[in-house]
Amino acid sequence: MLVAIIVHAIIQEYVLDKINRKMHFSKTKHSKFNESGQLSAFYFFSCVWGASILVSENYVSDPTSLWKDYPHTLIPFQMKFFYISQLAYWFHAFPELYFQKTKKEDIPRQLVYIGLYLFHIAGAYILNLTHLGLVLLVLHYFVEFLFHISRLFYFSDEKYQKGFSVWAVLFVLGRLLTLILSVLTVGFGLARAENQVLDFSTGNFNVLGFRIGVLASICATQAFMMWKFINFQLRRWREHSSSQPPSQKKKFVAAKGKPSKKERENGVNGTVTSNGADSPRSRKDKSS
């Protein structure tokens, strides 16, 4: 955890603070820029590190390794060190809330997602689902890296929106793939395993209650993330719609309020009057 704090401070002082001084961000953008800068660096490093473990251990070429030979108590040192580093980073995020002088209204949001990370990473490690946990972490970190790097580009140039569009598509696909891999591993792979006896000494938790709990936890988290994602997209849509239509509406009203030459000749200003050339009264005068 001490190493994570030192690395966090180095990135903040030698990279993010220099960019902030050049860009002259407001206080709100300053805190959000620091958050995305730190998280994008962490997500990128963790994604590359986790992907290298997946390739070296042949987890990608053999999907059955996600549930085969469970419980996965004998894991490589590199994977064990990866999980310890992940737990250390998210534990270090608690004191960073104080050091970064996070706003009080942002603290509950920060605590929620830090708690979710610790809960799922520690759960995968304790329940010996390290193979599945590693795959899901790499997938999730890749999508989150795209979001925060797009956010950094957006702060430098608010016209940049393409990154968020790509992230939105990959976010939905990431949630769908997470559910598919979880159901395939826990609902089918472990459900068909021969050894389905709860044994703490060997680390075997492959029983029905365990499988239901794991799937319920993953599904609930994915549903929560989709709910936050939908709210985020709706908020962006409202901000975009509130900024564009008013100017167009003003132009439309101004054009509508200005009468044409023909209307001025007929005494019409946007509505038909009773004294027009073809009104019943004019026709009666003509006939008389």
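Every residue gets a Cβ built from N, Cα and C, even glycine.
Taken straight from TrEMBL:
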DOMAIN    31-240  domain 'TLC'
TRANSMEM  41-61  transmembrane segment
TRANSMEM  81-99  transmembrane segment
TRANSMEM  111-128  transmembrane segment
TRANSMEM  134-154  transmembrane segment
TRANSMEM  166-188  transmembrane segment
TRANSMEM  208-230  transmembrane segment
REGION    241-288  region 'Disordered'
COMPBIAS  248-259  compositional bias 'Basic residues'
COMPBIAS  268-277  compositional bias 'Polar residues'
Checklist outcome for this item: Given 81-99, 134-154, 208-230, the one sharing the most C-beta pairs under 8 Å with the transmembrane segment (41-61) is 134-154
Item to check | Contact between the transmembrane segment (111-128) and the transmembrane segment (208-230) (at least 3 Cβ pairs under 8 Å, separation 6+) | outcome: yes
Checklist entry - For the transmembrane segment (134-154), what are the same-chain contacts with Cβ under 8 Å, counting residues 6+ beyond its ends? => result 32-33, 35-37, 39-40, 43-44, 46-47, 50-51, 53-54, 59, 66, 79, 82, 86, 121, 124, 160-161, 163-164, 166-167, 170-171, 174, 177-178, 181-182
Next on the checklist: At a C-beta cut-off of under 8 Å, are there same-chain residues at least 6 beyond the transmembrane segment (166-188) that contact it? List them, or none.
Outcome noted: 63, 66-67, 129, 132, 135-136, 139-140, 142-143, 146-147, 150, 211, 214-215, 218-219, 222, 225-226, 229, 233
Checklist outcome for this item: Tertiary contacts of the transmembrane segment (208-230), defined by C-beta under 8 angstroms and 6+ residue spacing from its ends, are 116, 119-120, 123, 127, 129, 168, 171-172, 175, 178-179, 182-183, 186-187, 190-191, 196, 198
